[in-house]
Amino acid sequence: MADAVKLSNLIKDNKSILEVYQGHEYIKDDKIYVSDIYRPGLELTGYFDFYPAQRIQLLGRTEISYAARLDHDIRMHVFNKMATKATPCFLISRSLPVPKELSEAAEEADIPILRTGESTTYISSILTEYLRARLAKRTSIHGVLVEIKGMGVLLTGASGVGKSETALGLVQRGHRLIADDRVDAFQKDHNTVVGEAPKILRHLMEVRGIGIIDVMNLFGAGAVKSRTEIQLVINLVNWDPKANYDRLGFEENTCTLCNVPIPQVNIPVKVGRNIESIIEVAAMNFRAKQMGYDATQTFDNNLTSLISEHSKEDTNKEPHND
């Protein structure tokens, strides 16, 4: 988890939608400590009792038009109170004109002013998601994260079980590698966990007998992705002939990542099993269940119906005593 996000990084990573209107010289050392974006409302009326100065202050059409109705002295007073040492920056949406009083107050307090052509709601959503992802608490997981047909699948299992080799086979079949060996996971929202590779391991994979390979250079940019939502965990286990493995799919297991329960499938590994194909089918079957079709439940319903029909036939065939 990062304690703060540099304002310079926020601007660089969102340069297609953000521009520095004023205060380039103040950007280098500014940091953002919270993910929430604030739209000052009551503050424009002079009420500052609960003003969250540490947030990015976003002014849209409503705020700018209301401020324009205020007298010059009141506007100056309000913007001076909003421009505190804790304020990372002001952001003006829709490429609206920056009030002169805000420009002066920001200059006096060494606060940069940013501007965007995007709508207020859209830019708030984009920056909030960006900040949440970078300020979120991260958990390191030993495993391999791949994306199969748009679904994030985390491969786990004991060292040497073949996670990396399996992931390499999946990449050769057209799927994407996110992270090998170590996955950094964080909770995006209440029900969503996102995984990514540490910067130093991005696009790299360790294959026993070969060493380190660069997946993007070998297979192209379409074979990798920076991050993805973890929707399914597939745990690879060494085949045990004495174990009683689930053959019908009635068992529904979960594991907990970042306090979020994630569905888990245990797949036994042994020589001769095409693990890549099995994992592909497991991912597609999971998606089918999400869409409302459960082959196991359908089989169970059909079997129950068949047993019921045979029971009725047997009852009808029983001899009657006169």
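Please read every residue number as a count from 1 along the shown chain.
Cβ atoms are placed via backbone N, Cα and C, with glycine included.
The feature active site is assigned by Swiss-Prot to His142, Lys163, Arg247, with sequence analysis given as support. Taken from Swiss-Prot, the feature active site, proton acceptor covers Asp181, and the record attributes it to sequence analysis. According to Swiss-Prot, the ATP binding site annotation covers Gly157, Ala158, Ser159, Gly160, Val161, Gly162, Lys163, Ser164, on the basis of sequence analysis. Per Swiss-Prot, Mg(2+) binding site is recorded for Ser164, Glu206, and the stated evidence type is sequence analysis. Here Swiss-Prot flags 268-273 as region 'Important for the catalytic mechanism of dephosphorylation'.
Here the features listed in Swiss-Prot are painted onto the structure.
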residue	record	Cβ within 10 Å
His142	active site	12
Gly157	ATP binding site	20
Ala158	ATP binding site	13
Ser159	ATP binding site	7
Gly160	ATP binding site	9
Val161	ATP binding site	17
Gly162	ATP binding site	18
Lys163	active site	25
Asp181	active site, proton acceptor	18
Glu206	Mg(2+) binding site	13
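The C-beta environment of Ser164 (ATP binding site), restricted to residues of the same chain at least 6 apart in sequence and closer than 8 Å, consists of Val144, Asp180, Asp181, Met205, Glu206, Val207, Arg208. Secondary structure of the region 'Important for the catalytic mechanism of dephosphorylation' (268-273) per DSSP (helix as H, G, I; strand as E, B; remaining residues coil): 0 helix, 2 strand, 4 coil.
Report note: the ATP site is defined by Gly157, Ala158, Ser159, Gly160, Val161, Gly162, Lys163, Ser164, and the residues of the same chain whose CB lies within 8 Å of the CB centroid of those residues, excluding them, are Leu236. A Cα-Cα distance of 13 Å separates Gly162 (ATP binding site) from His142 (active site). The binding-site residues near His142 (active site), taking a 10 angstroms Cα-Cα threshold over the set Ser159, Gly160, Val161, are Ser159. Across the region 'Important for the catalytic mechanism of dephosphorylation' (268-273), mean pLDDT in this model comes to 82. The secondary structure of Ser164 (ATP binding site), as reduced to three states from DSSP, is helical. In the three-state DSSP assignment, the secondary structure recorded for His142 (active site) is strand.
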